[in-house]
Amino acid sequence: MEVETEQGETGKSVMCVLTDPEGTTLGGTMYLPQNVGPIQLQQIVNTLLKNEEKLPYAFYISNQELLVPLGNYLEKNKVSMEKTLSIVYQPQAVFRIRPVNRCSATIAGHTEAVLSVAFSPDGRQLASGSGDTTVRLWDLNTQTPMFTCTGHKNWVLCIAWSPDGKHLVSGSKSGELQCWDPQTGKPAGNPLTGHKKWITGISWEPVHLNAPCRRFVSASKDGDARIWDISLKKCVICLSGHTLAVTCVKWGGDGVIYTGSQDCTIKVWETSQGKLIRELKGHGHWVNSLALSTEYVLRTGAFDHTGKQYSSPEEMKKVALERYNKMKGNAPERLVSGSDDFTMFLWEPAVSKHHKVRMTGHQQLVNHVYFSPDGQWVASASFDKSVKLWNGTTGEFVAAFRGHVGPVYQISWSADSRLLLSGSKDSTLK
């Protein structure tokens, strides 16, 4: 497609520059007719990037999505034609998720509250942990129960799949962890003991760093995090140093572990000896939730929407590394923390121990923070009954979603990053 670089009739074209989210320009300054909109811009970007398959993009001018032709935008926002207009292009997911507007299936079985649920990395199974002390595995194709895993003596508070899909770990209120074989529903070995209080979080080592998956980290109310090796069936490293309960834990793509605690700090650990690398300080109250910009690719490993299966751990590791690098781009991995002090911090822990941005606006404590799968957005859920949306790179506030009449406990994103779900004490999902 031809892009006019000469000024046509005066006032009919707009001087624009296209940049990626990191600020790298694409193809220099160009003059575009005023009737150019997102569809034409999409063709221009695909042409300039020499994409064999045409990919979908969204366009933003000063953090607002461009949905109309350039002329209409300039008129509505009273933007001067003299200045160069900077347009940021964001790649979108190639697939689209249908919004849920009714209950598609109810899977009954647990006899007490369901406390945790997790999809398998390939999206074929769902695991749930409950107050009835069992873990259940469900087949998502047929929406039927596959296995009931018994062995815990107390409520199952946390569950996590290994990113290669071969293992499932659950943590209970009594501090025990149990490994399960998702193919049979049988326990893989005896319970893993060591924590003195209940488990608050579990995170696996990313498959692009180590395949097949062997190690995971658990966090507990007892103030410690522990790294376990499932082939040795024991705790290999204890990460101690927090003075109060550890509330959340994430194993990052660079191979470090992040722990957030009620002692107001976030600690960063290396995983060969369990040394403390740095402390991220700034919150004035408990840290409740941590989110990584790469979380989605870390959790799903080599699996994507195409449903491809892998024959060897090496192949899986290679594909997972490609997905991780593509997701991360040239920028460092980003971390967001949400706290009881009503604020959130955006960090780049590999670059600095100081926060990049302080994100304020919530009127009550922040329960849950979550990056969208493409890393472009951060959503936060709060006791102030609202969900807020932030720019995932700059930490700037984008929008507030109001409608819940009770505290919002949790949020979740659709895999295409276009839909956001929230769950509240008012007993509704929105």
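Yeah, the Cβs are placed from backbone N, Cα and C, and that goes for glycine too.
Pulled from TrEMBL, these are the features on record:
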DOMAIN    14-74  domain 'NLE'
REPEAT    107-148  repeat 'WD'
REPEAT    149-190  repeat 'WD'
REPEAT    192-231  repeat 'WD'
REPEAT    239-279  repeat 'WD'
REPEAT    359-400  repeat 'WD'
REPEAT    401-430  repeat 'WD'
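Ranked by the number of CB pairs under 8 Å to the repeat 'WD' (192-231), the listed stretches 239-279, 359-400, 401-430 are led by 239-279. Here the repeat 'WD' (401-430) has long-range neighbours at 92-93, 95-97, 99, 296, 305, 364, 367-368, 370-374, 376-377, 379-389, meaning same-chain residues at least 6 beyond its ends whose C-beta is under 8 angstroms from one of its own.
For the repeat 'WD' (107-148), the residues of the chain that approach it from at least six positions outside its boundaries are 154-165, 168, 170, 172, 178, 180, 182, 184-185, 299-301, 303, 307, 309, judged by C-beta separation under 8 angstroms. Averaged across the repeat 'WD' (192-231), pLDDT in this predicted model comes to 92. Across the repeat 'WD' (239-279), the DSSP tally of helix, strand and coil residues reads 0 helix, 22 strand, 19 coil.
Secondary structure of the repeat 'WD' (149-190), assigned with DSSP and counted as helix (H, G, I), strand (E, B) and coil, comes to 0 helix, 19 strand, 23 coil.
Secondary structure of the repeat 'WD' (359-400) per DSSP, as helix, strand and coil residue counts: 0 helix, 23 strand, 19 coil.
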